[in-house]
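Engineer: Below you will find the structure I want to go over with you.
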Amino acid sequence: MSQTDLEIVVDDPTAPEEDSPSVVSSGTIEIFVCILLFALAATLGYDNWRTGASWDSTGPEPGYFPFYLSVILGGGSLYGLIAALVAHRKAAETFVTRAQARRVMAVFVPTLLFCLVTQFLGLYVASFLLIASFMRVIGKIAPWKSLLTAFVFTAIMFVTFDIAFDVIMPKGPLEAAFGH
Amino acid sequence: MEAFGLLLHGFAVLLTWKTLVLMMVGLVLGVFVGVLPGLGGPNGVAILLPLTFTMDPTSAIVMLSCIYWGALFGGAITSILFNIPGEAWSVATTFDGYPMAQQGRAAEALTAAFTSSFIGSLVAVLLITFLAPMISSFALKFGPPEFFAVYLLTFCSFVGLGREAKHKTVISMSLGLLLAGIGMDTVSGNLRMTFGSSELLRGINFLVAVIGLFGISEILLTMEERLALRGHAASISLRVVLGVWKDLPKYWVTLLRSSFIGCWLGITPGGAIAASFMGYNLAKRFSKDPESFGKGRIEGVFAPETAAHASGTAALLPMLALGIPGSGTAAILLGGLMVWGLNPGPLLFVEHKDFVWGLIASMYLGNVVGLVLVLTTVPIFASILRVPFAAVAPMIVVSCAIGAYAIQNAMFDIWLMLGFGVVGYVFKKIGIPLAPFTLALVLGNRAEDAFRLSMIGSGGTLKVFWSNGLVGSITTLAIVLLFWPVIDGLLARVGLTQRAKPASG
């Protein structure tokens, strides 16, 4: 018998407020991205020109193909820049609200710190710290649950990758102390 | 008949305990990533790819493709029970699937979704079985100009047929092609676009880019959106399953039409999103009671699911036969083949018969086992959504980092993954499509090599791309598709004039 009358409810206490003010508009970000892409196209185009973007006795030089791609990327970005500047209506659309930005930062900043910590303490210690602190600080989950989940997950990853599948991850002083 | 014999050989390769266990593991992991918010087929496959590095290619691709099937099945669970489409192509499934769940028919909707997924995939796999060997043997006659023309056709059709603003597709694709060129030039050995960085000597591995673009950016987007889920629980009984299956013959036209649409849009780079919407819209248009669509009609679940899964599966056909992936996930699977030193394309059918036919056999078996698995375990997988996102998000981040690092054992790749995560987040929000970027990153070097070899052979003249009927037709078709919006506009204008004449006259 199907039990479709039961309901699963997963509430998120940190859901963003509906009326949060806009931080930046889509139009502004589009203009910014197009300028960045144009700058990238110019830089890569110059580098390819320097490498050699014409023909020699053996055929096209190494920079030939990417140089013309840089030109296409530059053209596309320039078109996008003009289109974004012309489209007034779209410029008013919200790219991110303050509440959304806060939530995005709440995951981005710990991820950035995780990458940094991985470099010095190894991936497994960094994973443990990321999961435990994220669950505790962002999710407001009980400390013992956060620590236990982080430990179990990290241990499973270690056993799966380093032991069972022989995929060696970056290690730090803790693993070295245990002979890994 | 030869294909049938080879397929049987494929089953013989496949039917070992080890491969069957890997198949089950792949399916479970796949359904898991399909259900979890912030994960999906492409990133699931990319993240779990390192698990397969130490396996033999056949076992590895079987496990990866089963992750893919599992993710396809898993996506329907959230669409129907929670009204949350895990993938863009699941949107159309929510139109009737969620209302069915609200009416207490969740089990029926889920059975319909899983069954139609199975049917769509099965039709596409049959197509792959019989068409792929023919296409690949034909493609054996291809030289560099023909291959470049096919790559050009793929790129141009993305630009011409894509729904996004054309300049955004061009930006995405040219950026992908440029980044593919970073590192050592394969022909001359010169360094390009490395700016003296020793880390960039290796080039940018597309899997690292994919993990960032799809995995990390998806986490950022999921965090940004509302995460309060409210849905329906369902367990599927044999009675409901048999009830839905008994009614299947009534919908044979819908199933066949959607399978055809899916296969067509999977082989051409139309994609599963277009296929699911087209399948749904056509089912509604040809229905005797179109008004009932969107209110919990089972046909509204059958049509998009069949089309989307036929498309997702058919996208593997050009990947296997020509080495050109038809979708993002197919591109990642193609990357997997390259990691194991296999060269996807026509020669694969000649040089690695065991591998190819083992893979095709696994498509049949994976779908059957996947169907049984999801029908029996829905409540377990649906309950995954009870796990707080604050626990799931950092675990996904860690899995992404492991995936990115393991590909080349480079810490730099973890940073690169983070960078691509930000790029993916911004690109998604301003409407720059990521699929052309991924495709270009995968195919960039091959397209450039084919172009350079063609140009060297012709002494530098572009006429080589019209040097014979075959290459000329493909190149011309590519240009037609590139300018398709303009041509289509002109045709519509002509059509309007013709229609206007009688009215005015």
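Glycine too: its Cβ is placed from the backbone N, Cα and C atoms.
Here TrEMBL flags B:20-438 as domain 'DUF112'. Look at TrEMBL and you will find B:20-40, B:60-82, B:109-135, B:147-163, B:200-220, B:251-278, B:319-343, B:355-375, B:387-408, B:414-443, B:464-487 tagged as transmembrane segment.
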Engineer: Can we call the transmembrane segment (B:200-220) and the transmembrane segment (B:355-375) in contact, meaning three or more C-beta pairs below 8 angstroms at a sequence separation of 6+?
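Structural biologist: With fewer than 3 qualifying Cβ pairs, these stretches do not touch.
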Engineer: Using a Cβ-Cβ cut-off of under 8 Å, list the residues of the same chain that are 6+ residues beyond the ends of the transmembrane segment (B:355-375) and lie near it.
Structural biologist: 6-7, 9-11, 13-14, 19, 23-24, 26-28, 30-31, 57-58, 61-62, 65-66, 69-70, 73-74, 77, 110-111, 114-115, 117-118, 121-122, 125, 128-129, 132, 236, 241, 313, 316, 320, 342, 348-349, 381
Engineer: Could you give the residue numbers and ranges of same-chain residues that sit at least 6 residues beyond the transmembrane segment (B:20-40) on either side and whose C-beta is under 8 angstroms from one of its C-beta atoms?
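Structural biologist: Tertiary neighbours of the transmembrane segment (B:20-40) are 14, 47-48, 55, 59, 62-75, 77-78, 84, 86-87, 214-215, 218-219, 221-222, 227, 362, 365-366, 369-370, 373-374, 377, 381-382, 384-385, 389, 392-393, 396.
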Engineer: Taking residues 6+ outside the transmembrane segment (B:251-278), which of them lie with a CB under 8 Å of any CB in it?
Structural biologist: 87-93, 116, 119-120, 123-124, 127, 154, 157-158, 161, 163, 286, 298-299, 302-315, 317-318, 326-327, 435, 439
Engineer: Any residues 6+ beyond the ends of the transmembrane segment (B:109-135) with a Cβ under 8 Å from its own?
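Structural biologist: For the transmembrane segment (B:109-135), the list is 2-3, 6-7, 69, 72-73, 76-77, 79-81, 93, 96-97, 100-101, 234, 236, 240-241, 244-245, 248, 255, 258-260, 262-263, 266, 296, 298, 301-303, 305-314, 316-318, 320-322, 346, 349, 360, 363-364, 367-368, 370-371, 374-375, 378.
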Engineer: Do the transmembrane segment (B:147-163) and the transmembrane segment (B:464-487) share at least 3 Cβ pairs under 8 Å, sequence separation 6 or more?
Structural biologist: yes
Engineer: Grab the pLDDT values for the domain 'DUF112' (B:20-438) and give me their mean, rounded.
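Structural biologist: When the pLDDT values over the domain 'DUF112' (B:20-438) are averaged, the result is 84.
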Engineer: Taking B:319-343, B:387-408, B:464-487 as candidates, which has the most Cβ pairs under 8 Å with the transmembrane segment (B:414-443)?
Structural biologist: B:319-343
Engineer: Do any residues of this chain, six or more beyond the ends of the transmembrane segment (B:464-487), have a C-beta under 8 angstroms from a C-beta of it, and if so which?
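Structural biologist: For the transmembrane segment (B:464-487), the far contacts come to 145-146, 148-150, 152-153, 155-157, 159-161, 166, 454-455, 457-458.
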